[in-house]
Every structure is written in C-alpha cells, then in structure tokens.
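**Student:** Just passing along the structure, written as structure tokens.
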Amino acid sequence: MRTVVWQSLSETQQDAILERPAITEGANITAAVAEVIAKVRAEGDAALFELTEKFDRVKPESIRVTEQEIEEASARLTAKMKQALEQAYANIAKFHNAQKPTPIKVETQPGVVCEQVTRPIQKVGLYIPGGSAPLPSTVLMLGVPAQIAGCRKVVLCSPPPIADEILYVAKLCNIDEVYNVGGGQAVAAMAYGTESVTKVDKIFGPGNAYVTEAKRQVSNDFRGAAIDMPAGPSEVLVIADETADADFIAADLLSQAEHGPDSQVVLVTPSVLIADQVTDAVQKQLKQLSRASIAEKALASSLIIIADSLTQAVSISNYYGPEHLIVQTKNPRELLPLLDNAGSIFLGDWSPESAGDYASGTNHVLPTYGYTRTYSSLGLADFSKRMTIQELSAEGLKTLAPTVVTMAEAEGLDAHKRAVTIRVEKLNARG
C-alpha cells in the first residue's frame, strides 16, 4: 500500500491519486455484445441455447428452471445454510419494508388538490452472476425489494448450473421464473423477450464487462429496458483516528481487495501510527487468505492518505465518494452529519462492511466510481415509480386561471391558454 501525506501534494496531485482507473470496455466488447443482442432478438430461445453452450460450456435441458428443480435444490441445502439465508432475508425485508412511501395529498390553494402516489414497476429482471462462488446475497438484495414493492412479475437469470443457494433464495423471495441463462444474452433476453423469457421493464444486478455493456446498450434503446445504475469496480474508504483498531481496519480493507484486482481500497487517517500499524496488519492477514493473489493485485494500487485532521479526512472522503465508507473513530456518529457522498456507511469498530454485504438489512447494491454524488444505494424506490395527480374544482380553476393564462401567453402557447379560458367561459356563462 502506498502512503501519501495529503498536505504535501499539489491540488493536481491530489486529484490524480484519487482518480479511479479508466473503465475501458473496448470496441471489441461493444461489438461482441451488440452481436449477441442482435442474435437473441432475431433467434430467441435458439440463440440462448447456442450461446450458453458456447460461453458456459453447458447444454441445459430447458431455458426455464422447473419448480421440481428448485425444490430439489432446497432439499440439498443444510439447515445451517437455510437458517443463515432466512435470517438475512428477515433483516433485509424489515429494513426495506420501512421504506414504503406514504401517499401525499396537498391542497395548494382552495380548490386545487395535488397528490403523489407510488406504483410498482410491473415486470423486473434480476441478473445474478455465476462463477466459482454462488451469490445468494445478491438474490436477496434484489429479490426482497422487488417482492415488497409488489412488482407483478419478477424473473431471474443466472448462468447454469445455478447454485442451490440461489434457487433457495429465489423461492424465499417468490421469484416467478428462473432461467438458465447468463452473460449479455441473459440481459438481451430480459430486455426484449424470447419464447421462454419474459420481457421486463427494468433490469437489476451486477456482472462482468459483457453484462455491464449489455445493460448499457439495452438501456439506450427505447425498445429495451431500464437498468438499476452505472457499474464500476468495488471500493472502500476507511476514515480512522488514533483510537481505531489496526487489525479491524486491515481486515476491512482486505475484504474489499479480495473482490477483484481492480477493487479500490483507501485508508484516510490523521495518525501516522495507525497508518504504519495497518500496513503491517495487512501484510500479516494477507498471507491467510485463499484469494491472496487477487487481493494483492488490488492492494498494489491502494492508498493510505495521511490527513492533518479528521475534518480534512471527511473532506477527502466526500471528494472521493466511496461505495463503502467505514468510520472507525472515537465518536463516529459525530462525523455523520458531515458525510455527504457514500453508498453505504459503517459506523464504529463493530460494523464491518461484511455485515452490510450479507445480512444487516441494508442493500449491498451501491453506486461506485464516484456516482455516489448523484446516485443512491438500491432500495424500494428503485422498484417503484411515482405518479402525480391533480384535481381542480370549478372555483379552483377560476382562481388559478389568471396565473396559467399569463404564463401561457408569455411562452406563446395559445392552445395551453385556450384549454383554460374555454372552461372559464363556460363557467361564467352558467352564471
């Protein structure tokens, strides 16, 4: 880990060290994904079978996973695993249930009533990556809010063979359909539909560069589907003072670094002693990790920043806008009102990032790459949409009419003006 003293850097150097690595999909990925999307749109299920065999080296018997297969997968899980998944489900459901919006109804002036109501997005698609380890936690983070929001149809795609844990959580979340499809072809299938795969309105979930690019392409096509948020490498920033536990900090940094070689890991502290202790602790703990080689690559570009105060540490964090922000200080909650840009914040010694990743109740689908300045963590609102309503009485319209007419005249929109005056004239004619 590289250590720098913030005050010794010029403004240009400060900008440079906090710059994320460029996300370069490359023309080859863009073209390859466009080809996959076109093939799925043209050939439907046949393309899905062909591409699954090509990319995943698996020949599924069917696109859709059967109820029997889901039940058999559930039966294979240990009681311990089921209990863990059910506890996580309960906590996530409790937190997301609390996010249910309250309808708004306001009389802005006599006879003019404005309302706001929320409706679920009708059909949503969840993408769960494959790979060496299953990700049932991601199914929970996507499936629970979709269920609570009341989405009419929820489907899930994952590369075959789909892990038992994923199928069990799909059952917990009452997901309607599960498909043996991964990669860009899964995104295309959900965005445009095939004989077996339901076309959805919005697609959620992480994935590799091909999945990310497929999501981008379908979201830019009005015939495609909306997506949850832009994606980038995972990241953590830790703010720590001299009271922090260096071993805890090292463990938190490494838990992020093991995600992938492009993970971003940053410690900001006014304590040189803590910086040195964390450097030593990281090296000791690194040797014990099964994914040490991956974590080591991420650490090669990681940073320890020596700030001159906690106030400056907060400013650095707000400027960087991390996906995960851990605050290990004497009074972490005192800093909370000053923290503006973060996907999820973990306060105090006993709040490791892992808790939020799996089971505390918050959502682990978070904006990265500095998007925390404008994007929020995934929540119930992402599976819903707002509608406004207005209802005017006859007297309400008459009272509001002069304002609307004056503004319509200023904008040169005669038909807008006439839509009001024609009504007022009829009201006046009635006497």
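Don't overthink the numbers, they just go from 1 along the chain as shown.
Quick reminder: no glycine exception, Cβ is built from N, Cα and C everywhere.
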**Student:** Looking at the substrate binding annotation from Swiss-Prot, with Ser234, Gln256, His259, His324, Glu411, His416 already listed, which candidate in Asp176, Asp201, Asp357, Asp382 is the matching residue?
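**Tutor:** Given Ser234, Gln256, His259, His324, Glu411, His416 bind substrate in Swiss-Prot, the matching entry from Asp176, Asp201, Asp357, Asp382 is Asp357.
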**Student:** Look at the binding-site residues Gln185, Asn208 and tell me which residue has the greatest number of other C-beta atoms within 10 angstroms of its C-beta.
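**Tutor:** The residue with the most neighbouring Cβ atoms within 10 Å is Gln185.
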**Student:** Whose Cβ, among the recorded positions Glu323, Asp357, Glu411, has more other Cβ atoms within 10 Å than any of the rest?
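**Tutor:** The most densely surrounded of these recorded positions is Glu323.
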**Student:** For Tyr127 (NAD(+) binding site), which DSSP three-state class applies?
**Tutor:** strand
**Student:** Can you check which residues sit near His324 (substrate binding site), meaning Cβ under 8 Å from its Cβ, same chain, 6 or more apart in sequence, and list them in order?
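**Tutor:** Result: Ser234, Glu235, Val236, Leu237, Gln256, Ala342, Gly343, Ser344, Phe346, Glu353, Gly356, Leu366.
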**Student:** For the binding-site residues listed here (Ser234, Gln256), tell me which residue's CB has the most neighbouring CB atoms inside 10 Å.
**Tutor:** Gln256
**Student:** In whole Å, how far does the CA atom of Asn208 (NAD(+) binding site) lie from that of His259 (substrate binding site)?
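**Tutor:** It is 12 Å, counting Cα to Cα.
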**Student:** Among the binding-site residues His259, His416, whose Cβ has the fewest other Cβ atoms within 10 Å?
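**Tutor:** With the binding-site residues His259, His416, fewest surrounding Cβ atoms within 10 Å: His416.
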